[in-house]
Each structure stands twice: as C-alpha cells, then as structure tokens.
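Written below as structure tokens is the structure these notes are about.
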Amino acid sequence: MKRVVLFLLTNLAVMLVLSVSARILGVDRFLTSNGLDMGMLLVFAALIGFGGSFISLLMSKTMAKWSTGARVIERPANQDEAWLVDTVRQLSKKAGLQMPEVAIYDGAPNAFATGPSKSRSLVAVSTGLMQSMNKKEVGAVLAHEVAHIQNGDMVTLTLIQGVVNTFVIFLSRLAAYAVDSFLRRDDDESGSPGIGYWISSIAFEIMFGILASVVVMCFSRKREYRADAGAAALMGDRAPMIDALRALGGLEAGRLPKEMAASGIAGGGMMALFSSHPPLESRIAALESAS
C-alpha cells in the first residue's frame, strides 16, 4: 500500500507545483480572449500530467526512504538483516533482476517495493513484519515485492497515472473556466480569467485527482493478484504466500476475518474503491484456485 499511496501523494503535489509554476511563468497559453483553446489545453494537460507522473517516479525511492525512515542495509548488523539481504538476492536472481537495495524501517507489519526502474529499485520491510511472521512467510512477502519489480508495476503505474493526470487537468480547467464565466460580470469584456478561475482550477484539480485515484487503485488491485502469483512461482509453492496473507490479517489457517485493515487490505463497501489491495479472502482464493 505504501508504494501506491506515496506515489499518488507525490504525484498530486508535483502536479500542483507544476500547474502553479506554469501560471507564474505564463506558459499556460490555452486561455485566449475568445475563450479556451482546446488544442493548446490538451497539450498543456498532457505535458503537466505526464511530467508530474514521471517526476514522481524518479522521486519514488527517495520519497519512500524519507517518509518511512527506512535504512538501507549496506552492511548487515545482525543475522536477520543478513538473511533479508541474502533472501532478496536469491529471489532477484530467480526473477532475472539486478539486486535491489534492501531497507528496513520501524513500523506495523508491512513491506513495499519501489523505484524508477527494474535496475534501480528498493525493497523495504518493516520491523513489525519481521517480528510477526516466520521466515518462510517473510520470504513469501519478499517474493511478492520482487514480483512487483519483475512485472514493472511502477513504470506501468506511471503511464496510467500520466493519462489520468491529463484528464484531471483538462477537466479541471474546463470546470474552472465555466465557474469563472458564471461569476464574471456581464460588463466585463476583458476576456481575462478572474481570481475565481485560479482558485477553482486548483480546487477542481485536487477534487478530480482524488476521484481519479479510483482508476489507479483499480489497476493496483489487479497487479496485486499478479504479484501474488509471481511470488508463488518464485517460491516454487503457493502455501507460503497463502500463509503470509493469513498472517497479515491475523488469521488462523482456514479462517477468514470479517474486517481487514492490515497492509491496505480492503473489505467491502465504497471504501474498497480507494484501496490499493483486493480483499484478503479474494487473494487467498485466487492462489488456492490457481492451477
């Protein structure tokens, strides 16, 4: 969950900065005396949208380390850290990947993988995860994160986010222009946008950005199933991944919880649309039914 949420928050912040900077520098040429130039607005939206998502991708590893306080293990300080590094090395070799950075941070049971490319990635594990699972289960979680890197999920997420950003910026400017036109006095023939346009464009950008995150989260949930399957393949057995999922939800074998909050796992209802992970029982069922 951390991987996706950090990316979304960074992306939103970068987009807002780029939008404000474009206004200050006067490069938002889509506003004319005759109204909006739709062609120029679309070009502007695409440049800011994809620019924001790719800048977020480049910043992803640095932001993840900073926000979690993760410490990259350069020289293992104990047997657990040595085991972590060795396990990630073995899994990466099986996946045909370069060795990613391995980090550890204090916190509740969780793990994530991030980075701008397969060759510049990071796998981070919380101390809570290490303390609450056995090594086979932790190994399955590590395999799941390595599978995310192998599948190129961060780059794919960036492309999807770029498309979503483009629509968010395009629609927010259209809505803001409509609001400004409604608020402008009939005797105002300057054609220049008023303060209502600039305030509402930022407000609409934030609102549409939050709503559009449903699309990104839907993609994330689908990739979780694929990462689960990838972990099972790397481990050579589905049982460790199933056991790890049960451990994340505080389960005993064969039992499923009514409510699941660990690691961004969603239950039902509207909030499930904003979850980066599918319901835990669905992930377990998918693994158990895999041929």
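In case you wondered, yes, glycine gets a Cβ from its N, Cα and C as well.
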His144, His148 bind Zn(2+) per Swiss-Prot; candidate in Glu74, Glu81, Glu224 listed for that same site: Glu224
Long-range environment of the transmembrane segment (4-24) - Cβ separation under 8 angstroms, sequence gap at least 6: 44, 48-49, 51-53, 55-57, 59-60, 63-64, 67, 114, 154, 157-158, 161, 165, 168-169, 198, 201-202, 205-206, 209, 213, 216-217, 220, 264, 276
Neighbourhood of Glu224 (Zn(2+) binding site), C-beta criterion under 8 angstroms, separation at least six: Ser276, His277, Pro278, Arg283
Other CB atoms within 10 A, centred on His144 (Zn(2+) binding site): 25
